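K.L.:
Here's the feature list from TrEMBL:
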type   : residues : note
REPEAT : 113-147  : repeat 'PPR'
REPEAT : 214-248  : repeat 'PPR'
REPEAT : 315-349  : repeat 'PPR'
Amino acid sequence: MAMKRNLRMLSTFKWNSALRGLLEANIPQKAILGFSDMRRKGVRADRYTALFLIKAFNCLFPLISPAEQLHSYIIRLGFESNVIIRTSMIRTYALYGSLHHAHKLFDESLQRDFVMWNSLIAAYEQMGDPREAARVAFSMIHSNVRPNEVTVVSIISSCSQMKALAHGRSVHGYGIKNLLGFDIFVQNALINMYSRCARLSVARRLFDLMSVRNAVSWTTMIGGYTSNNCLIEAFHLFKEMEAAKIIPDEATVLSLVSLCTKMSNSEFRDWIDAYVDENVLRGSKCIANALMDMHSKCGGMQKACEIFDRTRERSTISWAAMIQGLALHGHGTAALTRFVQMQMEGFKPDEILFLNIMNACSHAGMVHEGKQCFKSMAEEYGLIPWIEHYGVMVDLLCRAGLLNEAFEFIACMPIKPDGVIWRTVTRACEEQGNVFIARQLIDLLMKFEPKYSGNYVMKSNLHAVIGQWNDVEVVRSEMCVREVRKNHHACSWIDMNHIIQ
């Protein structure tokens, strides 16, 4: 009996070695076929086999069946209670976006080590739910499971995304008390968190105290300065990075492009263009897209087109950046030409691209083309228009003076028009002399959006246009009574001696 058991174990070991080899060779399909062959020949699987099977499924995501089927099979194999396998399944559920199943599996686990906790925290963070990631992390601390550096990085990253400074500080303090020093990953995460919370002096102090800095450390600090509009500090720090002989990575260059976009100074744009060329970085799709965006935002559409035309590997993002830039500067015909070219090259437009091209048609007065684009969304590409697409169509018709058609279009909409659409029509009515309809629409808007200041401003302006100054005062008094305040979201930046103000 002992000999038979040893032979079975040896056979399982050989199969596992073969499965591992296939996975290391990046052939997960053959690993799954090998597992099927192994079971067909009656070879017993062990927990290592189960782990290899899970890894093969993960490698084939999203081309393979849902995670629930894999989980059911793991249960049938009898290894579902193993803490390592449970942790792997939590990661698999997270990969498939099934956070409910991942958390349920976690809650049902009798044994939970810090690896399992970290996997669940990372799952929420990767799925864009930093609040829940932080909640799980603090539950871990209260459960007397001691977090390691990986946990601390995950919690700090969650605090960064939420800009939760108080929580971030408490995690920082916890790490000082309970960890034997911070590794470079924790330090970088802290710099990022304090930068995102606009505590640049703290971030810089942590940066200066680092005994070892990598490219991520420098990039994080440069990015922190850039996002907080401390542009000269960001530029000087990059020069220090070069002096320290640290080779910038793609993320560093992207931060520099963002910096030069905000600088609104042609000298800096020329400098980053030359820097990218000198360091043979022009081949990066991400950098090319960022440079196109920079030039188009700063009015350099010719330069943006040059970069686009010499980019060999274009993505949907590249096309979107190009079309959006042309639309932004009123080049409707050029934007439409690029849109057609994109389709001819086999790229399928998404909802954002349709929004950009329809905006271009609206601003260029290309009514027929705009209608065709809207129609092709559903008919050719099976895309369901968003409320924003309907809004652009209404804007297109209103700009062209087709008010009756705009009202007919709104009446046929399958979704309820929002305030933006009604304000577009109201402005068009006012501009085209339909004061009576404009007043009715404004009254309707104020009824449904009593706290939106823009409605009061529109009503006040309308009364002013027709000389009803007493009514202007009534509207302003009404704003005070209802405590409605104007929104001041917009601002302008000017460059004075390289200081952005």
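Including glycine, each Cβ sits where the backbone N, Cα and C put it.
Keep in mind that this is a model prediction, so the values were computed, not measured.
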K.L.:
How do the residues of the repeat 'PPR' (214-248) split into helix, strand and coil according to DSSP?
P.N.:
26 helix, 0 strand, 9 coil
K.L.:
Hey, which bits of the same chain come close to the repeat 'PPR' (315-349), Cβ under 8 Å, at least six residues off its ends?
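P.N.:
Residues 285, 288-289, 292-293, 295-297, 299, 301, 304-305, 308, 356-357, 359-361, 363-366, 369, 373, 381.
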K.L.:
Please give the average pLDDT for the repeat 'PPR' (113-147) in this predicted model.
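P.N.:
Overall, the repeat 'PPR' (113-147) comes to a mean pLDDT of 85.
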K.L.:
Over the span of the repeat 'PPR' (113-147), count residues by DSSP class, listing helix, strand and coil in order.
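P.N.:
The counts are 26 helix, 0 strand, 9 coil.
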K.L.:
Over the span of the repeat 'PPR' (315-349), count residues by DSSP class, listing helix, strand and coil in order.
P.N.:
26 helix, 0 strand, 9 coil
